[in-house]
Structures are given as C-alpha cells and as structure tokens.
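Annotated GTP binding site per Swiss-Prot: 54-61, 121-125, 175-178, in sequence order. Here Swiss-Prot flags 45-322 as domain 'tr-type G'. Residues annotated as phosphoserine in Swiss-Prot, with similarity to another entry given as evidence: Ser92. Summarising the annotation, Swiss-Prot assigns N6-acetyllysine to Lys176 and lists similarity to another entry as the type of evidence. According to Swiss-Prot, the transit peptide annotation covers 1-37.
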Amino acid sequence: MRLLRITAGLGRGPLPRVPAILGWQGKQANWKTYRWCSSGSIPNEKIRNIGISAHIDSGKTTLTERVLYYTGRIATMHEVKGKDGVGAVMDSMELERQRGITIQSAATYTMWRDVNINIIDTPGHVDFTIEVERALRVLDGAVLVLCAVGGVQCQTMTVSRQMKRYNVPFLTFINKLDRMGSNPARALQQMRSKLNHNAAFVQIPIGLEGDFKGIIDLIEERAIYFDGDFGQIVRYDEIPADLRAAAADHRQELIECVANSDEQLGELFLEEKIPSVSDLKLAIRRATLSRSFTPVFLGSALKNKGVQPLLDAVLEFLPNPSEVQNYALLNQNDSKEKNKILMNPKRDDSHPFVGLAFKLEAGRFGQLTYVRNYQGELKKGSTIYNTRTGKKVRVQRLVRMHADMMEDVEEVYAGDICALFGIDCASGDTFTNKDNSDLSMESIHVPDPVISVAMKPSNKNDLEKFSKGIARFTREDPTFKVHFDTESKETIVSGMGELHLEIYAQRMEREYGCPCITGKPKVAFRETVTAPVPFDFTHKKQSGGAGQYGKVIGVLEPLAPEDYTKLEFSDETFGANVPKQFVPAVEKGFLDACEKGPLSGHKLSGLRFVLQDGAHHMVDSNEISFIRAGEGALKQALASATLCIIEPIMSVEVIAPNEFQGAVFAGINRRHGVITGQDGIEDYFTLYADVPLNNMFGYSTELRSCTEGKGEYTMEYNRYQPCSPSTQEELVNKYLEATGQLPVKKGKAKN
C-alpha cells in the first residue's frame, strides 16, 4: 500500500523522495525536473530521442504505457482498447481508444536514471505508414517490438526498411512471452533470415507462456525478477541451476555475433581472451550505433516484465543527439553531396537555429506543429523563417507534448522535440532563423497512395464542413490525396488502404459533424508502354498575327519494372534547335498529357520521354507552343505503341489455424495470388503471397467466414506489374462504355 501511495502521487507537485525502483537511485526528485530538461545546461549525453514501432498488435502502446509508469511519468497504468474505461495515455484520439489501434504518432517525454527520453509511439497498421516515416526521420534511435508468437511480420519488414533508409540504430524487444505459442528463438531466427540482421539475445527467458517468471541478463550473468503488484520492484538473483548451461551457450553466441561486427572485441575473441562486462557493453554500443548488430531483449509489457532492463538498454546502447550525423541541404539547383551541411548538435545559441516540422495536428488552440530541433536555440517570442515559402513567423507559444496534454517551455535546444502553435506550414517544412534561410532538411519519403474512393457529405448543407475537414486532413497527412474528377463530378480521396480512408470518413463525422457517403474503392491502375517508340511531332498554328510553332523529335521509353510508378524526362538535345528556355515547357506538356491514358483513362507512368532534337521559329515559338508540342508528341508515340495496364500488387500475410489451410490456400488462388512462402508454429500456419489489390476487396469477410473468425491477415504495397489480359480487357471495355465509344451491354448499368 505504501508503494501505491507513492506512485499515486507522481505527477502532482513536488515529491519528498522517489524510490530507486522507479528509476532514480535514491536521489531527490521533483516533478519540475521535467521542466528543466529543455535547458541548455542539460548535456547531449543526458538526452535520448527514440521511437517505438512494430507490426500491428505487437504491444507498442502497452510497452509505452509501462515505460511512462515505471519512470514516474503517469500515476496509474491503463490498458489499450479502453478495457478499463479509460484507454492508454498515448491513444488520445477517441477512435484509437475504441478500436485499440494507434492512428497518429503520439509524442511524450520522461526521465530514467537522470536521462531525458523523448518517446514517439507509432502506429503498426500499414495504412498509417507515413506516421512511422515521420517519426523515424526525426529520431536518433528506435525500439523495434516483435510479438513472440507472430515473429517478423509484414509491417515489421516495412519498419526495418524505413529504419535502414534513415540510418536509425535500434534495439529489438520481443514482447508477449506470456502468450500461448510464444517462441522467441523462432522470432530471432526470422530476424536473421527475413531481415538479414546480425542479431543475438542479450537476455534469455526463465520459463515461457504461463511459466514466464523473469529473464537472465547474459551480459551481467544474473537472473532478473519483477516483484510487486505492478512488477515495479526489480530483484536480481543467481541464474537458476537448470539454465546455467543454456545461459553460457547464449552468452558465447552473443560475444561471437558482436565480435563479427566490432573490431576491438574481434581482436579479444581471436586472442581467446574473455571480455569483461564493460568491454562487452562498449562493443555492443559501438556495433549497435553502426547498425552492424541488433541486440535482442525479452519481456511481457502486459505482465510488467522486462521493461526496466529495456530502459537501461536505451540509455546504454542507443545514441544521444551528438552521436548522430544530421545533414541540411543548401537550396541550390544541383543538391549533390558537396552541398550537404552537417548540423552542429551543441546545446546553445552559438549556431543558427534549424528545425524540421515533421507532423501537423489540429489542436484545441489551432494548428499544432511538431518540430525537431537539429541545431541552435529556439526561444518563445523569436522570429523564424519557413525556407519553402520564405515567410517569417513569430513563435508565440512553445510547448512540450505528453500525448494530448502540453506543457509550456521558454526555449528548446538542438536535440529537443517540441511543438509550436499557430504556424502555417506543411509537413516536411524546414524552419531557420534569418542567418541561414537557404538551408533545408532532407524531406520525408512519402509513399504514393494505392486506393481511391469517391466521398461526399450525406447532407448537401455540410459542404463547408466537408471542405474544411478535407483541407485539414490533406495538410496533416501527405499520403491522403484529394482531387475533383471533372467527368464524374465527384470528389475522389486516395490513401494507403481501406482502413486509412475509413478512418478519415469517421473522423469527418466525429470532428466536423459531417457524415459522409463513400463509393466503391477504386484501384490506382496505370498505363505504360512495353517497348521504345520514336516520335517526330510539329505543332503549328496560324490564325493571323503571331502564331505558334514547336517541333520535337525523340523517343518514348518504358522504365524498369521497379520504376513503374515514375515519370522521367531526359533532355539530350545539342545546339539551339530547341532553345533551352523551352525545354521545361516540353516536359510540362509531357507530364500534363500523362494524366490520362488512351487505353482505359488511367494515368500513364513508367515512362521516360527522351528529347533528342526539334526546331523552333524566331517569331512564332513560345512556351505554349512547346507545351502543345510535348503533349502532341506523347499522343503520337502512344498511337503507334503497344500499351499495357499495370496494377498494384500487395504482399499479403495470412495467419490461421492449421485445419483451415486448404480453404485459405484456395481463397488466395481464386484471387490470382502467387504464394511466395509458408511457415507454421504449433497449431497455426502463416501464408505469404503476392496478390493484386484489385482482387483483395472483401477478403476480410471471406477469411472470417472460412476460418470461423480465427484467421487474420495484413497486406502492404509491394510493386506494380502488368495485370492479366482478362482484367485489362474488362477495364478497356468499361472505359469505352463510359465514354460512349461502345454500346452498353443489356442489363448492365453505366459505371
């Protein structure tokens, strides 16, 4: 009871003393410590910026909730899905608490052993991948959470690729060791085979499933138990006798894996010397920071086991802001390597301020902009510049975020994550002070949307609310795209999946009081050519007075399959036949004409327009002439080309009980899926397949019915590839019917 009274008081005013078990080793602690953590006197060594990311339902939010509790940031723990009527702190949106999923990245900060930790909890659904991209772009390190039962899953691979793209060092935490069928050894094996990671256990479990009692620390060679009602008392003991041999073997394996990627430990290993605990810890840190080794930790967040050692590992093995190299680009036309400028992580005002807006949110007091500070100092009341728009803005209010609660601060320094109010900007914008307004941070990678639906308000009187909501959502989320189809007179919204668009339709109703009607999902088909086609096109227009004249000669080429979503323009002209000032006009004409293909009306992609020669007229040639010439050249080339329709292919992962294996395989085959792999544990099997997105609609209902509700699946975009002849014929006929070039079949309504 005494302990409960202490923890219940956390977060409300000064505390006389906080016990060592909560992360402070018997030091005086005050809640206001959190308010001091932005000050310049806090060195970089005392700061960590980390993200927690994983596949859906691996336990990221539950883990974050435990971290906040053990570090004294929250007084009581709550469960995901609001089982206790409250819901997790980090799931602040009502929809998140209802569904038990994380939709937006929530930012918080806490303290562990005198080190300030900024944490971003990210979604696991592939539909919300942009949130993970944004988080990893601005973090220095991450914790990748795996489920001990599911192991490496679809989204785990996506997150791993994203971490590689942004060069983020990370630890792995295998969660849910208390679940039936948990197998951490299998999860480790999958990390090595599927993700190609040089990974090894730093801990091994004492028991599994219902017998999971604690963990063995292989570095310090001791057993760790978690006592007390909430696992808050960490107790160290000797390794149980029956596990000593296994612990020795795993420790040797750990040393070998680290020695393979760290030179200093490798030398000790070759000399057959036994490394000391500090030697091993330093080697693991060096190898983790260089991304050549992944340490693997174990536990069960729900059962309050293994969280405190993971926090210690974050401090020991993940980098502080001064150990990460962040670059800004000079805003020049040729942004090559030489134009990259290294940011200085010093926590003072000796260098100009540079920050990146990585997330936007509509808060209670206007737009909230999350900013990662890379260099210099940002003060409340100071003036900063948006390098994209060139506009200057005043920082009226500077806050630190704890999920949806905020705390005002006077200044932040390099390495801090903060939020600004009332600043008009877009995600990925760079802010600087006047001294260096030609700098910008590298922009965040934004994947293309793969699915579209028509959306309109149920009530025509709600059009104003609808447009307000759409404007806000597109500003906050770059993967949520909107355009107006002039032919069907419909507003088309595009996103990363059915769930993504469904969530926005629900948010429109909840947050703007505007119920929406959504149409049938439409897949983002594309058209491309199968072989190079030459063109030689002249645009001439004489109507008295100044006319128009532009001639272009070149070739239209298909791109490689991995570039099917791109459009490229190549200027290979010599001399002044096509004046250089008109080349961008030719490119504009080409890109404009790619908006609609001749075969099925879908966009053209996977093309390279190579401009080789042409001609101009001294008087009649102008920009519009060459725009029309570019458009005409593309149409001329397409008229003699062999076109094909390409479609998005999804990587699908299905998990279901073994008795339904036949039905699941048959279902995937019916949807023209190509099975790429399979594995199984206990009574469940996992099927991996590549399936056209067009064939995946309604699959969740089919899977539920054929597995008695026990099967589940996830999918993510993989690539574009040519669709089947039958699908192509169907799409072409549908387009011809819609445009009146083909009579509509009897009994079939126009689409």
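Each residue, glycine too, has its Cβ placed from N, Cα and C.
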Over all shown protein chains, what is the count of other CB atoms within 10 A of the CB belonging to the residue listed as 'N6-acetyllysine'?
26
Quick one: what's DSSP say for Ala54 (GTP binding site), helix, strand or coil?
strand
Sorted by position, what residues of the same chain at least six away from Leu177 (GTP binding site) have a C-beta under 8 A from it?
Ala148, Pro184, Pro205, Leu208, Glu209, Phe212, Leu298, Gly299, Ser300, Lys305, Gly306
Taking every residue in the domain 'tr-type G' (45-322), the average pLDDT works out to 78
